[in-house]
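Working notes, beginning with the structure itself.
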Number of protein chains: 2
Amino acid sequence: MGCHMAVRGPRKDSPRLTARGAATRERIVATAADLMFRQGVTATTLDQVVDACGISKSQLYHYFPDKDALITEVIAMRERRMVSSQKPQLDQVRSMRDLERWRDSLVTGHRERDVPYRCPIGSLANELSCYDDARQSLAAIFSRWQGLLADGLVRMRESGELDPGADPAELAVAVIAALQGGYLLAETMQDEQPFLVALDMALDHVKAHVRTPVANLTQPDT
Amino acid sequence: MGCHMAVRGPRKDSPRLTARGAATRERIVATAADLMFRQGVTATTLDQVVDACGISKSQLYHYFPDKDALITEVIAMRERRMVSSQKPQLDQVRSMRDLERWRDSLVTGHRERDVPYRCPIGSLANELSCYDDARQSLAAIFSRWQGLLADGLVRMRESGELDPGADPAELAVAVIAALQGGYLLAETMQDEQPFLVALDMALDHVKAHVRTPVANLTQPDT
């Protein structure tokens, strides 16, 4: 009883693929990622992936020996997507205002694209936490996400906006926790309010570490 | 493709059971709840439940026509357990100190019993969000949990500890979101630190609404 899946790290010895082969492989991973996002990992069968891709089962097995290998690649794709969507924005964070822009873009992203409030990383983490290899890969994704955010907070501390005593790494953990909890409640309630409330709490938490501006006594009265 | 399970509301027409029958039924639900907690709902088969209970499949079917009926009862059991563990403590909340006690008891509960950082409600919610009946039942559990906490915050507002402008319902949503996100990160990282950090953020968020004590100018200098 328990967790039997052996999710491996990414294969280092992937066979060389033609451009067309690489595209098919990528399409299989993207399709599986989408199905697993919408209905869960365990609930997603290889037959469903094959049907949704319009390929044969033997084609699938040409690229992936089994479901575990496919899950490993889905996780790797989720990391690439998180980085490509989050890094450009978080790399811009130099002030509280930038952090608010990041919050706003998360919210408008859901509103505009009408995608459900559900985190692709968080939902995999919840379902795969008992599979140690997958769990570690997902922990690494959370760490990377927190790291991108913490780098922005470090810049805010260096510029003097954040208190020298503020701990960027710890603040980043708190913000990502609020984000994840906000996703889960919003998803379950089918209401964006818990997501907004959680993110506002997180940003207020960072704001509590903003340095109180010291009145500039030498400023001329103009 | 998608979500096919029809999770129903609790049956109103459950057959009368003997005391022994009721005990067997309860044991089946508790066993299923435990397996689903540890390995997920979809990953848990009726054969595993039967094996773990030491009963026959026909005995299981005597109580539950199918897996969906069992899931419905597992959700109902999780609600009863949440209420029985959370209500006595949250009903005591009348001050910030009581809220800190609640936080401490959540943490020591995990440390002492050595149970994984994983919320039985949150993990069900993540996996079953695409099944509308189950999702609604789980949303109702979150609402009830938030309500128990909000009642405590209302008492803190009435006693004058919280600012009259504080919104107990919204604060409760924020705290439960932090709790859920903290659980997910702690579970994935296998580290209690994100749980502690998230809960501290949540309590600081409530504390930000504590009324600033007005200096008692009439107090004698003794």
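Note that the numbers count up from 1, one per residue, in the order the chain is shown.
The backbone N, Cα and C atoms fix where each Cβ goes, and this holds for glycine too.
Range annotated as DNA-binding region by TrEMBL, chosen from A:25-44, A:45-64, A:125-144: A:45-64.
TrEMBL lists region 'Disordered' at one of the ranges A:1-20, A:101-120, A:201-220, namely A:1-20. Tertiary proximity for the DNA-binding region (A:45-64) is limited to same-chain residues at least six positions away from its ends with a CB under 8 Å from its CB atoms, namely 21, 24-25, 27-28, 31-32, 34-35, 70, 73.
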